[in-house]
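Undergrad: According to Swiss-Prot:
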ACT_SITE  CYS333  active site, nucleophile
ACT_SITE  HIS430  active site
DOMAIN    251-438  domain 'GATase cobBQ-type'
Amino acid sequence: MTRRIMLQGTGSDVGKSVLVAGLCRLAANQGLKVRPFKPQNMSNNAAVSDDGGEIGRAQWLQALAARVPSSVHMNPVLLKPQSDVGSQIVVQGKVAGQARGREYQALKPKLLGAVMESFEQISAGADLVVVEGAGSPAEINLRPGDIANMGFATRANVPVVLVGDIDRGGVIASLVGTHAILPEEDRRMVTGYLINKFRGDVTLFDDGIAAVNRYTGWPCFGVVPWLKAAARLPAEDSVVLEKLTRGEGRALKVAVPVLSRIANFDDLDPLAAEPEIDLVFVRPGSPIPVDAGLVVIPGSKSTIGDLIDFRAQGWDRDLERHVRRGGRVIGICGGYQMLGRRVTDPLGIEGGERAVEGLGLLEVETEMAPEKTVRNSRAWSLEHDVVLEGYEIHLGKTQGADCGRPSVRIDNRADGALSADGRVMGTYLHGLFTSDAYRGALLKSFGIEGGANNYRQSVDAALDDVANELEAVLDRRWLDELLRH
């Protein structure tokens, strides 16, 4: 019989995704057939699954941890925010429409069927399924029709372990408050809790464990320290961009403007791992550094809206001066579209302005269209003469004079554009920098020897390290029962 466990958080960003990945790798290392599952995810960091649809990149990483091919059924409902009030809805890997918050609330009962169908598919033949919740089950205003947390857990009869983040403070109140506010039906699903991101002497929290037990009756299944290896894993949420620090004194400064609807920002993780790169995330209100050698404009879920914001920050003028000084620019997906002369949206797909002038650094224009490209791709960089693998997730078609100088060839077709002076490059291909050969060639073009480290191998090693750290601190009896053959 397939065993199931669900990690739900006392809030967002408590570390559920990493813990699920770590448990998946721990189970896989012990010979179990383990699968990750997340009923509903909200993220603009999407991946193309091995069966050709869109899922959250956290579930893609968890599949890697489980050593199984990724599937659309691992994340049957993916919400991709396009504005403060509306999201694109992806169901079992395919776009199913758009909805605002209240509209989506009405849709949730209909989506439960797809969630349960996917859960059954994932569970078939598995020894263990590790499920990840979303946000917090204590948001009882969202409980009616819920498919992300307790609504799913009660329907699928999956036991729940709560995760509390002690690093942000107030973890006892978060756990006890969650117990107090949950209805009895939901409270019965909780079997215990984990404390995550603990720093220092764990025995200092013994009284805290006793207090939580006194108020809730829940056992503690482990106090997890701050997992250093997790820093080597791709990040899921853009909130981490606020926590990144600069690495001064390195050979190349790479500046990345933080867009309001930034998407697939984990494209940049391999650059952050390079010892000779100072990766700087430029936040609203700050200029693009004048000493940057390279500016990377990442993907966006709202190209026109982010382009308007880009200009409002004065980054367009910063970028022009950067190029005049001899600096280089790479635009990926939405960033590529912004670099052109014009972006139009005649059908109102993005829900905002219908046309806007681009940054004018590439002689191309983009028109948004409803057909969405979603695929894994093998490519050849014409600029650096290396083979690489990546993926495409985009709307719109880009054409113009600079497309006559494509930046890459993807599966024998031209993609992207290169400016006449070679300083500005755009492409729809995500995952460029994950290729060690491409990253090494790029750095070499700046006079830097780099890219020697195998990035994919380093991610895999980090998953092993996270699994080993969890095995050392989790309650042995609970873990043995979870991982029994």
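Just so it is clear, glycine is given a Cβ too, placed from its N, Cα and C backbone atoms.
The shown structure was predicted, so the numbers you read here are calculated from the model rather than taken from an experiment.
Tell me about the setting of these features in this model.
TA: Every protein chain considered, the tally of other Cβ atoms within 10 Å of the Cβ of CYS333 (active site, nucleophile) stands at 26.
DSSP assigns HIS430 (active site) to a strand.
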Undergrad: I'm trying to understand the geometry here, so how far is the Cα atom of CYS333 (active site, nucleophile) from the Cα atom of HIS430 (active site), in Å to the nearest whole number?
TA: 7
Undergrad: Return the residues near HIS430 (active site) by Cβ distance under 8 Å, restricted to its own chain and a separation of at least 6 in sequence.
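TA: The answer is ASN264, ASP267, GLY299, ILE332, CYS333, GLY390, TYR391, GLU392, ILE393.
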